[in-house]
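Trainee: First the structure, which I've put down as structure tokens, then a few questions once you've had a look.
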Amino acid sequence: MDQLQIRGGRALSGDVPISGAKNAALPELCAALLTAEPVTLLNVPRLQDVATMLQLIRNMGVAAEHSQGDDRASSGTVRIDAGALSTPEAPYELVKTMRASVLALGPLLARFGEATVSLPGGCAIGSRPVDQHIKGLSAMGAEIVVEHGYMIARLPEGRSRLQGARITTDMVTVTGTENLLMAATLADGETVLENAAQEPEVVDLAEMLIAMGAQIEGHGTSRIRVQGVERLHGCTHRVVADRIEAGTFLCAVAATGGEALLRHGRADHLDAVIDKLRDAGVTVEAVDGGIRVRSPGAGQLQAQSFRTTEYPGFPTDMQAQFMALNVVAQGTSRVTETIFENRFMHVDELLRLGARIQADGKVAVIEGLGDTGALLSGATVMATDLRASASLVIAGLVATGQTTVDRIYHLDRGYDCMEGKLRALGADIERVKA
């Protein structure tokens, strides 16, 4: 099993490319199942979750290949041909490691009238039920049962298409919105999704579907209208830049007292995070071709309290990374997690490095080290989920001595060559076998 060894104390400096967004690429790979024509996706990151999704759709009889970019730090191109798809089923063996595999349910059901998808796995950061997916597809006329760990969906006897419907989810759900959006493109009539997720990745998926011939309005708002069509065609689509990877590098550069250009980063997708960074004393600018960030120095940062909410609020996927920054800043901050339960598992590991954090339920209070003269000290820590692992890397970049991060397979699920990109910015970091 691989681990990362980090010798901290170096300010990150230079420029680094931001890869395509995992959370856009995964639903877009599933969207390719909606058509029998070839689909080409550009700027697809090389991640374990992407590899798992490709394996999943190949298992159905889909032809899919992922060619690499020109260098280790560039994303690649995926070509998919689902014309010969023969098995509309996603088995447990592949689904268990990745929650996003549930996104195959809507496209398979819409195109073939049936689908069998295992209940999903992924990071252990809460239950995150799929009941909203089932509720929405049922409103569109699907008959769905859950048995033996599988969701088994089919159209009623005599029906060849899902039916348009007005669907209001009980909560804002990104994957739920995406699943219902994809299913609605081939439904008979108009579907209205109320309380829809507004994330940039949802917007990017909608733009891909429109390029395939879908009729969609309102994406990026809480109400999306979809007029179903009888068939979709192939397309070429570029995956939007990963705002969470960009936010992670913003925090890493800020925490280490550095300066960098994040090529391809989209500042307009990170307003809530950038506002907090600026309040902390960090200079962040949207420039031609990316985002420029300059830190006043780790000891000069001002700790910031925040509360995670749905987009366009502060993203839960940036909570752990910003907490690592607060650890080395001046002052006391309060972090409230409202999206997922059990998402403070990184706190115990940060404590091993010398952080001062008290967590109780959904709230963590951080006493910054910036005005105490104390420093984080390297230690061996264990990644517990994807974003928690990123927070430990950031802390390790600041700590004195060597920090070893175990179980980095979590990191590989969501970051494309993170250690290589950090080395390009001057970090002393290497991947080794445990």
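Just so it is clear, glycine is given a Cβ too, placed from its N, Cα and C backbone atoms.
A quick note: this is a predicted structure, and the numbers were derived from the prediction, not measured.
Look at Swiss-Prot and you will find Lys22, Asn23 tagged as phosphoenolpyruvate binding site, backed by sequence analysis. The UDP-N-acetyl-alpha-D-glucosamine binding site annotation in Swiss-Prot covers Arg99, Arg128, Pro129, Val130, Asp131, Gln132, Asp317, Ile339 and is backed by sequence analysis. Annotation comment: Swiss-Prot describes Cys123 as 2-(S-cysteinyl)pyruvic acid O-phosphothioketal. Per Swiss-Prot, the feature active site, proton donor maps to Cys123; the stated evidence is sequence analysis.
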Trainee: Using a 10 angstroms cut-off on Cβ to Cβ distances, just flag whichever of Asn23, Gln132 is the loneliest among these binding-site residues.
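Mentor: Across Asn23, Gln132, these binding-site residues, the one with fewest Cβ atoms within 10 Å is Gln132.
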Trainee: In sequence order, which same-chain residues at least six apart have a C-beta under 8 angstroms from Asp317 (UDP-N-acetyl-alpha-D-glucosamine binding site)?
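Mentor: Asp317 (UDP-N-acetyl-alpha-D-glucosamine binding site) has long-range Cβ partners Ile244, Gly247, Arg387.
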Trainee: If you compare CA-to-CA distances from Lys22 (phosphoenolpyruvate binding site) to each of the binding-site residues Arg99, Pro129, Val130, Asp131, Gln132, which comes out shortest?
Mentor: Arg99
Trainee: Return the residues near Val130 (UDP-N-acetyl-alpha-D-glucosamine binding site) by Cβ distance under 8 Å, restricted to its own chain and a separation of at least 6 in sequence.
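Mentor: The answer is Val102, Leu119, Pro120, Met151, Gly176.
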Trainee: Please report how many Å separate the Cα atom of Asp131 (UDP-N-acetyl-alpha-D-glucosamine binding site) from that of Asn23 (phosphoenolpyruvate binding site), as a whole number.
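Mentor: With the alpha carbons as reference points, the distance is 20 Å.
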Trainee: Would you please pick out, from the binding-site residues Asp131, Ile339, the one with the fewest other Cβ atoms within 10 Å of its Cβ?
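Mentor: Comparing Cβ neighbour counts within 10 Å for the binding-site residues Asp131, Ile339 gives Asp131.
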Trainee: For Asn23 (phosphoenolpyruvate binding site) and Gln132 (UDP-N-acetyl-alpha-D-glucosamine binding site), determine the Cα separation and express it in whole Å.
Mentor: 19
Trainee: Among Lys22, Arg99, the binding-site residues in question, whose Cβ has the most other Cβ atoms within 10 Å in this structure?
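Mentor: That would be Lys22, with the most Cβ atoms nearby.
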